[in-house]
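Pulled from Swiss-Prot, these are the features on record:
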DNA_BIND  30-49  DNA-binding region
COMPBIAS  161-175  compositional bias 'Polar residues'
COMPBIAS  176-214  compositional bias 'Low complexity'
COMPBIAS  221-243  compositional bias 'Low complexity'
DOMAIN    19-71  domain 'HTH cro/C1-type'
TOPO_DOM  1-111  topological domain 'Cytoplasmic'
TRANSMEM  112-132  transmembrane segment
Amino acid sequence: MNTEATHDQNEAQTTGVRLRNAREQLGLSQQAVAERLCLKVSTVRDIEEDKAPSDLASTFLRGYIRSYARLVHVPEEELLPGLEKQAPLRAAKVAPMQSFSLGKRRKKRDGWLMSFTWLVLFVVVGLTGAWWWQNHKAQQEEITTMADQSTAELNADKDSGQSVPLDTGAVTSQDTTPAQTAPAPATPVDSTAATQTQTPAPTAAATQNTVVAPSQANVDTAATSAAPAATETPSALPTSQAGVAAPAADPNALVMNFTADCWLEVTDATGKKLFSGMQRKDGNLNLTGQAPYKLKIGAPAAVQIQYQGKPVDLSRFIRTNQVARLTLNAEPTPAQ
């Protein structure tokens, strides 16, 4: 009778109450139980209060309760009914497995995306290369056109230069003809002398001899007078050279030094072309005209320009490798 009453009383007690009573009978504290089971004191307290922590799986909780029961000498079979209520087993949630075909489909999609990315990259690179080539070709054609124009202008200048000496020669021949025919007026004098004397033939021959002598003297005199004129001509050269060197003092003078072959065209404010053509390596060019100047340079890297005594910056054209087109303004004149 007493055994049945004790069994009913044990069934009435919960798992936590039975474990706490057994611990107290052994004289153990919650701290001692936690140290022996390697648990937290809060976990031991939750077990005795029949609480199931939300952050603790039911499998671990059932294991802790069994360890606690063995520690306080409580049969595990008596705690099984209470364990089902306090820590029921829960079915584990298993994530559905993805099929191999899904992964293959995703991999195929990623492959198409990568191929499209490479295609776009190749198109961009191709368009960039085509744009650069067209720009470079246009620059080369422009340089060739300007060079052809300058060559045509140089040929025209040569043709005009060859025709000028012909005119000069004609003028010279016209100028020298009167000098050579200047002694001609002496002939009427000879004829007059012949009619006045009316001497025999030997006398006339002597008269002719005397007439010829003055004509030779006149030719010698003309040659002698022409010689000082020829000697005086070089004395005028220093004056002309000084006149050519004088514009170098112009504050708007344009000085260019060439380190390589370069096509160049320089125009002043009046539209006059001061220079148009090809300059060779190590060449120098000094120009003077009415500012501002307009310059076209086929190879900016091959020329060094000084204007008003200061170097002209061509770095922006050199970096882009383009034909340089620039205008050099006139120097402001100081107030007097």
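From the backbone N, Cα and C atoms, a Cβ is placed for every residue, glycine too.
The average pLDDT the prediction assigns to the topological domain 'Cytoplasmic' (1-111) is 76. Mapped onto DSSP classes, the domain 'HTH cro/C1-type' (19-71) shows 38 helix, 0 strand, 15 coil.
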